[in-house]
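Note sheet for the following structure.
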Amino acid sequence: MDQNQHLNKTAEAQPSENKKTRYCNGLKMFLAALSLSFIAKTLGAIIMKSSIIHIERRFEISSSLVGFIDGSFEIGNLLVIVFVSYFGSKLHRPKLIGIGCFIMGIGGVLTALPHFFMGYYRYSKETNINSSENSTSTLSTCLINQILSLNRASPEIVGKGCLKESGSYMWIYVFMGNMLRGIGETPIVPLGLSYIDDFAKEGHSSLYLGILNAIAMIGPIIGFTLGSLFSKMYVDIGYVDLSTIRITPTDSRWVGAWWLNFLVSGLFSIISSIPFFFLPQTPNKPQKERKASLSLHVLETNDEKDQTANLTNQGKNITKNVTGFFQSFKSILTNPLYVMFVLLTLLQVSSYIGAFTYVFKYVEQQYGQPSSKANILLGVITIPIFASGMFLGGYIIKKFKLNTVGIAKFSCFTAVMSLSFYLLYFFILCENKSVAGLTMTYDGNNPVTSHRDVPLSYCNSDCNCDESQWEPVCGNNGITYISPCLAGCKSSSGNKKPIVFYNCSCLEVTGLQNRNYSAHLGECPRDDACTRKFYFFVAIQVLNLFFSALGGTSHVMLIVKIVQPELKSLALGFHSMVIRALGGILAPIYFGALIDTTCIKWSTNNCGTRGSCRTYNSTSFSRVYLGLSSMLRVSSLVLYIILIYAMKKKYQEKDINASENGSVMDEANLESLNKNKHFVPSAGADSETHC
């Protein structure tokens, strides 16, 4: 009798072990595929941010408009995110994520298409479309008592030039492609995280989330590396003779091969979509597999019938689902803790998004570093630190079994530390640029009070210069001049790089003693002290990003814990929608609009309209860029304090009682009942179906 009982137990244990193995393997396969999609998602995001400067210059648009283009990703996401979050959890989640990745890839390819339909990039008004004529002969020098119209085209030519002008409406294709990329990215986070939270073992979802976010940082590393590489390549590489291009990557008019970034990221997104189409809807064992035990076979048959009935009911009860959606939506909006947390994260994330969107422009204007160098430093150095912070944040929550209030305190602490390091940026600013007629007078002694009209000096008043031109030259006195003509230069040497100008009369008025009144093409570089400050900036950026990442996992965990278990997916989706709508869309726009106010020299295209900004007042730029971001962060900290106080009143007693009973609140917020009122064990109660 004992032997028969032992055989029966063994027979029952074997299918149980097989089920557990298949279940865990299914979840691990999903995690692997989701990791690939996270890499594709973050790669696309970094590619867009690192290409902002080049898109702005290539299409001759303002920072506020390029911020709007950047926000089109969030617009696309916003269009479908709530419905994907709610109804997507009832459908085949892996396949929906796969479709999203494919659409995201198509959007990336579409973003790059305008490059193939536009003419050659014209970095100067004097630069002809024929690349072979980009030589010093097209540079205007001081032509005393000669007519300026010699350099101007006829109205007919100007009209034709407007049709292919860089600042035309071709940027709309970039807008549409980025929006399509946002639509495709929508299912990845809410459906992926809810899938993990539903099927992971108790307490493991935070660890998995930390691992996912850490792996996702591979995308930014690749993105920054590609951004650095392609930023050094001229935009029309393969189409023009590069030896005739007289500007360098340090020039404010330089445009890199931004379109190659989007081709690479788009193709990678398409590839990442493939594994999801081969994954099951849930990590269950195949229904056709038979159980050894008769009782287990009966249970399995009942489960299959229940699943079939549920699928049938879902198809017939669309109206009921819509009603349930609005009831669920009302439930999360009447949750004061959830609403407060959404508001504070909106302020916090708006600061991050706005600052990161224009960080490359900030580095270029403040420290004189090209975007290619900023890309590689931010990618190679800071991103591994950021990934470590994400992983460590999830590990700390799991290791110390932080309750809801504990997670909120931990998140607030990381925000305080991040702000503390961010404020240090105010102490490592460089002096304002020295640009004659824009930031200082031509004698180099006094700052210019207004830059609405370029003030001329007696040293160039007879040169008949085009004041709208931007062809900067650096005098050997360390001052940048808007053009060789406005520097009073009479002659030049060299048809390619480097080009040197001589007999520059405006250098003489600065009191230069060596009587070598020459200038070379390009803006004057920053001094060594400013370069050292740039490396301090990178070091502080590492610490700032580490603490920002350390609290990243806690954001998701707080959302999961302060709403009902069945509303997790909707709460995550609505939170993401608000962040994207008011943070992702608006933050780049108002950051860009304020940055535009610090511009001191705008380009003018052939249509006579304003193009992109050529140079900024770096001091005003820093005040706007750092000040706005700091104010948003401080405001979020005030809400953090209020949130923690409210959480203590609501959760502290409950957490103490749970601790006394020897239990820990899991991500499903304790055990629940299924639709038929049968008891359904939590993640920790059934080790066979959770990993």
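Keep in mind that glycine also has a Cβ here, set from the backbone N, Cα and C atoms.
Because the structure is a prediction, the values reported are computed rather than measured.
Taken from Swiss-Prot as is:
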TOPO_DOM  1-28  topological domain 'Cytoplasmic'
TRANSMEM  29-48  transmembrane segment
TOPO_DOM  49-67  topological domain 'Extracellular'
TRANSMEM  68-88  transmembrane segment
TOPO_DOM  89-94  topological domain 'Cytoplasmic'
TRANSMEM  95-119  transmembrane segment
TOPO_DOM  120-168  topological domain 'Extracellular'
CARBOHYD  Asn130  N-linked glycosylation site
CARBOHYD  Asn134  N-linked glycosylation site
TRANSMEM  169-197  transmembrane segment
TOPO_DOM  198-216  topological domain 'Cytoplasmic'
TRANSMEM  217-237  transmembrane segment
TOPO_DOM  238-255  topological domain 'Extracellular'
TRANSMEM  256-280  transmembrane segment
TOPO_DOM  281-331  topological domain 'Cytoplasmic'
MOD_RES   Ser293  phosphoserine
MOD_RES   Ser295  phosphoserine
TRANSMEM  332-353  transmembrane segment
TOPO_DOM  354-373  topological domain 'Extracellular'
TRANSMEM  374-397  transmembrane segment
TOPO_DOM  398-401  topological domain 'Cytoplasmic'
TRANSMEM  402-425  transmembrane segment
TOPO_DOM  426-537  topological domain 'Extracellular'
CARBOHYD  Asn432  N-linked glycosylation site
DOMAIN    453-508  domain 'Kazal-like'
DISULFID  Cys459-Cys489  disulfide bond
DISULFID  Cys465-Cys485  disulfide bond
DISULFID  Cys474-Cys506  disulfide bond
CARBOHYD  Asn503  N-linked glycosylation site
CARBOHYD  Asn516  N-linked glycosylation site
TRANSMEM  538-560  transmembrane segment
TOPO_DOM  561-569  topological domain 'Cytoplasmic'
TRANSMEM  570-595  transmembrane segment
TOPO_DOM  596-629  topological domain 'Extracellular'
CARBOHYD  Asn617  N-linked glycosylation site
TRANSMEM  630-647  transmembrane segment
TOPO_DOM  648-691  topological domain 'Cytoplasmic'
MOD_RES   Ser672  phosphoserine
MOD_RES   Ser682  phosphoserine
> Are there residues at least 6 beyond the ends of the transmembrane segment (68-88) whose Cβ is under 8 Å from a Cβ of it, and what are they?
Replying inline: 45, 48-49, 52, 55, 61, 96, 107, 171, 174-176, 178-187, 190-191, 194, 321, 325, 328-329, 357, 569-570, 572-574, 576-577, 580-581, 583-589, 592
> Looking only at Cys459, Cys489, the disulfide-bonded residues on record, which one has the least crowded Cβ, with the fewest other Cβ atoms within 10 Å?
Replying inline: Cys459
>> With Cβ-Cβ distance below 8 Å and at least 6 positions apart along the chain, what are the contacts of Cys485 (disulfide bond)? List them in sequence order.
In response: Ser140, Thr141, Cys142, Leu143, Asn460, Cys463, Asn464, Cys465, Asp466, Gln469
> Nearest to Asn432 (N-linked glycosylation site) in three-dimensional space, by Cα, is which of the recorded positions Cys474, Asn503, Asn516?
Replying inline: Cys474
> Relative to the transmembrane segment (538-560), which of 95-119, 332-353, 402-425, 630-647 accounts for the most Cβ pairs at distances under 8 Å?
Replying inline: 402-425
> Around Asn503 (N-linked glycosylation site), which residues of its chain at least 6 apart sit with Cβ under 8 Å of its Cβ?
Replying inline: Gly488, Cys489, Lys490, Ser491, Tyr517
> Would the transmembrane segment (630-647) count as touching the transmembrane segment (332-353), i.e. at least 3 C-beta pairs under 8 angstroms with sequence separation of 6+?
Replying inline: yes
> Residues sitting near the transmembrane segment (374-397): Cβ under 8 Å, six or more positions beyond its termini, same chain?
Replying inline: 46, 50, 206-207, 209-211, 213-217, 220-221, 223-225, 227-228, 231, 359-360, 363-364, 407, 410, 414, 538, 541-542, 545-554, 557
>> Say we define neighbours as other CB atoms within 10 Å of the CB. Which of the disulfide-bonded residues Cys474, Cys506 has the fewest?
In response: Cys474
> Any idea what the model's mean pLDDT is for the topological domain 'Cytoplasmic' (281-331)?
Replying inline: 56
> Distance between Cys459 (disulfide bond) and Cys506 (disulfide bond) at the Cα atoms, whole Å?
Replying inline: 5
> Between the transmembrane segment (630-647) and the transmembrane segment (402-425), are there at least three Cβ pairs closer than 8 Å, leaving out pairs fewer than 6 positions apart?
Replying inline: yes
>> Can you check which residue among the glycosylation sites Asn432, Asn516, Asn617 has the largest number of Cβ atoms within 10 Å of its own?
In response: Asn617
> Just how many other Cβ atoms lie inside 10 Å of the Cβ on Cys465 (disulfide bond)?
Replying inline: 23
